[in-house]
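Marked as signal peptide by TrEMBL: 1-18. According to TrEMBL, the feature domain 'Peptidase M12A' maps to 64-262. Residues or ranges marked as Zn(2+) binding site by TrEMBL: H162, H166, H172. The annotation active site is assigned in TrEMBL to E163.
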Amino acid sequence: MTPTASLLLLLLLGLSQALPLQEEESEEEVPDDTVDITTRILTSNNGTDEILLEGDLLAPRTRNAMMCWSQSCLWRKGSNGLVVIPFTVSREFTSWERQKIDSAMKAFHSRTCIRFAPRQNERDYISFENKAGCFSALGRVGGRQVLSLNRQGCIYHGIVQHEINHALGFQHEQTRSDRDNHVRINWENINPQMAYNFYKQSTNNLNTPYDYSSIMHYGKTAFSIQYGRDSITPIPDPNAQIGQRQGMSYWDIMRIHRLYGC
Ligand SMILES: [Zn+2]
């Protein structure tokens, strides 16, 4: 075989292997529009060893998560009115994955006073890591706090924003103190061992309306015992869409403004 012919063969072989890969990549993007964020998060977190509350909140070791609405659990605002949050990103992520994380952070920059900045030597910071699932602590914990984005199931714009919102101090929308006026929890469709994920919390709702379109709202089938049986039903209109997947809603952004005084 001439060198040119063997080079051509190599190129063809490379091409035939590259094509299915490309297809896989585009396939991965498609479910983004058909599966809600929480379903994706909960699927990714199935089997993780971490002790998680409500599917993706790290159980605090030193204090009650409910108290996180006090100022001590918030990130501090500088004299210039900006809330700078230092962060590091694990080297395990590829540059494409780092870009996804970066663009999710930029969405906060363009619409709120939150600013993520690479850590210099600050004590408190978010460490983006590739652990077993998508999860975060609630609010600022102190020291290094892990925000896990598993490379297999969590690198989506909406999921990164959802977990960052936890780190800012926001809980899930359907655990709001006033949720019973807006959704019905179908306890009979929920595994009793998972029921605690739906307990109401004493949340600070910041004078904002209950928001079906919040990025912090579970989808209808979260923790359902069986396919086709919904765990959450919007009331009075059961067909209302909940558990969206694009990104922060108008009220998600307003809440950041109110909580941090942007
Ligand atoms: Zn969550």
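Placement of Cβ uses the backbone N, Cα and C atoms for every residue, glycine included.
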Pairwise CA distance, E163 (active site) versus H172 (Zn(2+) binding site), rounded so that it is a whole Å | 11
In sequence order, what residues of the same chain, 6+ apart, have a Cβ less than 8 Å from the Cβ of H162 (Zn(2+) binding site)?
-> I37, T38, I41, D56, C134, I215, M216
Measuring CB to CB from H172 (Zn(2+) binding site), give everything in the same chain under 8 Å that is also at least six residues away in sequence.
-> E54, M216, H217, Y218
Apart from the site residues H162, H166, H172, the 8 Å Cβ neighbourhood of the Zn(2+) centroid comprises E54, D56, L57, S136, E163, N165, F170, Q171, I215, M216
Cβ-Cβ neighbours of the residue listed as 'active site' (radius 10 Å) = 25
Does DSSP give the residue listed as 'active site' helix, strand or coil?
-> helix
